[in-house]
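Step one of this worksheet: look at the structure below.
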Amino acid sequence: MALIPSQVLRAAILLSYFSILCHYKALDMPAHQTYGGSWKFLTFINLVIQATFFGLCVLIDVSSLLTNGGDSREQERQHKKLIGLRDWMMAVLAFPVGAFVVFTFWTLYLYDRELVYPKLLDNFIPQWLNHGMHTTVLPFVVIEMRTTHHKYPRRLWGLVAVCVFSMAYISWTCWVHHVTGVWVYPVLERVSSIARAAFFSAMTLLIFILYVLGEILNSYIWEQPQKEKVKDE
């Protein structure tokens with residue numbers, strides 16, 4: 001990490017997300033023309049989350065450079081607000097949602113790709129773009145966690161926020177089905193109503209687990225070395 005400044009890494013990651021989003025939106029896919037468009041898919045929502053998060057990180061970096069050496073209390077207060085928002089986004093959205101997309105996509109893909117990413121999509125989506133949407137998301141967010149210490153909220157409030165996001169997306173998925181008669185993901189078409197409810201519950205539990213995993217990983221990266229340093233002193 002020391003070879004490349006963290007500010008440069010964040011800017012490069014942000015530019016990569018802009019490229020991925022532009023290429024994704026340019027795809028001439030039938031699903032993009034139906035109700036809900038790209039916003040039906042958690043993959044696209046996650047890309048927007050990641051781009052927004054890294055955009056905020058870059059904004060904070062630029063703000064730090066511009067206000068370096070300044071003594072304005074108002075500037076410092078606004079800067080701390082941005083940092084608080086960045087840390088909240090990392091804890092509640094960027095890490096758990098990003099890890100969830102990568103884990104669930106590749107698990108279902110390896111089991112039976114037709115459940116989540118039918119082979120027909122290979123005619124529309126190049127391999128590099130598929131990996132940009134479903135693979136590099138996790139390494140990018142782990143790099144950010146490794147380069148910057150993020151302060152997590154109280155676990156209860158963090159889990160409540162994750163739950164609200166999960167329930168909102170599940171409700172949106174059900175609404176799209178109500179309007180169109182078609183489930184967003186093929187896997188939901190192949191199971192009964194009870195199994196579908198169990199699937200949604202399991203996915204919600206999984207994102208809770210990923211939230212806690214992110215909190216533990218962040219703590220391990222930043223608090224463990226500090227404890228060892230104090231012990232050595």
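Yeah, the Cβs are placed from backbone N, Cα and C, and that goes for glycine too.
Per TrEMBL, transmembrane segment is recorded for 47-67 (among others). Distant neighbours of the transmembrane segment (47-67): 7, 10-11, 13-14, 17-18, 20-21, 24, 75-76, 79, 82-83, 85-86, 89-90, 93-94, 97-98, 133, 137, 140-141, 144, 148; these residues of the same chain sit at least 6 beyond its ends, with a Cβ under 8 Å from one of its Cβ atoms.
The transmembrane segment annotation in TrEMBL covers 88-108 (among others).
Listed as Cβ neighbours of the transmembrane segment (128-145) (distance under 8 Å, sequence separation of 6 or more from its ends, same chain) are residues 1, 9-10, 13, 16, 19-20, 23-24, 43, 46-47, 50, 54, 57, 90, 94-95, 98-99, 101-102, 105-106, 117, 214, 217-218, 221. According to TrEMBL, the feature transmembrane segment maps to 128-145 (among others).
Among the features that TrEMBL reports, transmembrane segment is placed at 157-178 (among others).
Taken from TrEMBL, the feature transmembrane segment applies to 198-221 (among others).
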